[in-house]
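Written below as structure tokens is the structure these notes are about.
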């Protein structure tokens, strides 16, 4: 389809070999008369689509990292196997995106050099496998972890303006190989089609900011106060979750609320524990192997006190931060035991922080007694009731009557015909839009969203005006004095216009420059053709 121009033979050979998986020099390719066929063009288009597919998956993989600890816990619950799946996710994604990127760059460089795009069959098979792997990953995400699609929508509020500039830049660079192909091919219909498609895409990209919205596009003086931090089971990146050590580490991170989970032992003692079984966060399999699979509430308080609730943290390393713990922290972690609710309330009272908790399991037949036991401990602890945030929905009216000072936190949005106004809501961060957050803030409703670990997500919610966030990474978010980025609308408008103008001029320059080069090349090619014709005639005579 294209006439290969003069090109550095060594460079062309270096490009041909990895792409075609054959050590053939550019001169040999020319002697063989190889050209890029329609089939080759189809494979190049497939390569480009696979690259875009893997690029989108890379974006999703980065977004998923905020919630991947939940996935690790889910796998442990199902398979009793603990592993940091973030390593697998990142390594696999890096391999796929690197492979498709290298192939695409080789193809574009070959096109610029006028060499045939003869993709080897091995690359074709690997590209198909890459597409199938990424498709399977997206399918699994949609089936088992559908809320991550909403996470991706939120992430666009943080990355939209920068993704726009990046895509415009990438499509602008694509103008060079496109212009090279445009001036070499003799198929007029194909020329017109490619040019129309390219121009349509670029016009859409130039106008894309009209549909990009982000809460962080605002004036500096409009920025809401920094959200308060709620320690998710304490500070689980710095200490074993739901332990007194974790509570104290959370206090060091300036959290205002210690979020935890409460269960009630067989003899009526409320204690801190998230999982229904004790296997993940204690050594119950070593101490009570025959009872390890029982519900946490089946153990009495004396049995629970025999369990080590900290060594697992050092052995399984649920977060990468475990590696950087000091010797003193490691020693302290091995001494942790399951704390009672009374001990946690006493520590919260002394540290002057609030405590928010769920009461589990909510479907237990003895749940009302669990509520009574928990209320009894709260009232006996002496902690100011306004420092207690009550999450469970079961028997909420009874709690209001017996402990009217306790703050009621609801795990739902407000209803249209609400009997009494909600003052506090606690929801997954995917469940509230920026507009809803602003509306709740205007109505003096405190909004806490969970679980927020990454600075980009914290920045978006900060700009939206959320009251507080529940986090595993309190030590990271504590250090943030400002959102990652904040742009006045006038500044963003200027960046938008400048980026579009630079892109347009670069594309124009690419087409004009390559047109000039192709015009210079044609006379030389014509003279060469005449000379070859004369030589051929003489040889025939």
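Each position is counted from 1, following the chain as shown.
Cβ coordinates come from backbone N, Cα and C, glycine included.
According to TrEMBL, the feature domain 'GP-PDE' maps to 227-481.
The feature transmembrane segment is assigned by TrEMBL to 41-65 (among others).
Annotated transmembrane segment per TrEMBL: 85-113 (among others), in sequence order.
The transmembrane segment annotation in TrEMBL covers 125-143 (among others).
Counting only same-chain residues 6+ beyond the ends of the transmembrane segment (163-183), those with a CB under 8 A from a CB of the stretch are 2, 108, 111-112, 114, 156, 191, 194-195, 198, 201-202, 205-206, 208-209, 212, 495-496, 499-500, 502-503, 506-507, 510-511, 514-515, 518. Annotation comment: TrEMBL describes 163-183 (among others) as transmembrane segment.
Same-chain residues lying 6 or more positions outside the transmembrane segment (192-212) and placing a CB less than 8 Å from one of its CB atoms are 156, 160-161, 164, 167-168, 171, 174-175, 178, 181-182, 492, 496, 500, 503-504, 507. The transmembrane segment annotation in TrEMBL covers 192-212 (among others).
If you look up TrEMBL, you'll see 493-514 (among others) marked as transmembrane segment. Panel annotation: around the transmembrane segment (493-514), residues 161, 164-165, 168-169, 171-172, 175-176, 179-180, 182-183, 202, 206, 209, 487 of the same chain, lying at least six beyond its termini, place a Cβ under 8 Å from a Cβ of the stretch.
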For the transmembrane segment (41-65), sequence-distant contacts whose Cβ falls under 8 Å of one of its Cβ atoms, 6 or more beyond its ends: 1, 71, 86, 89-90, 93, 96-97, 100-101, 103-104, 107, 117, 119, 124, 127, 130-131, 134-135, 137-138, 141, 145, 148, 151-152, 155, 159, 454
Remote residues contacting the transmembrane segment (125-143) - C-beta distance under 8 A, at least 6 residues beyond either end: 46-47, 49-50, 53-54, 57, 60, 64, 92, 96, 99-100, 103, 149
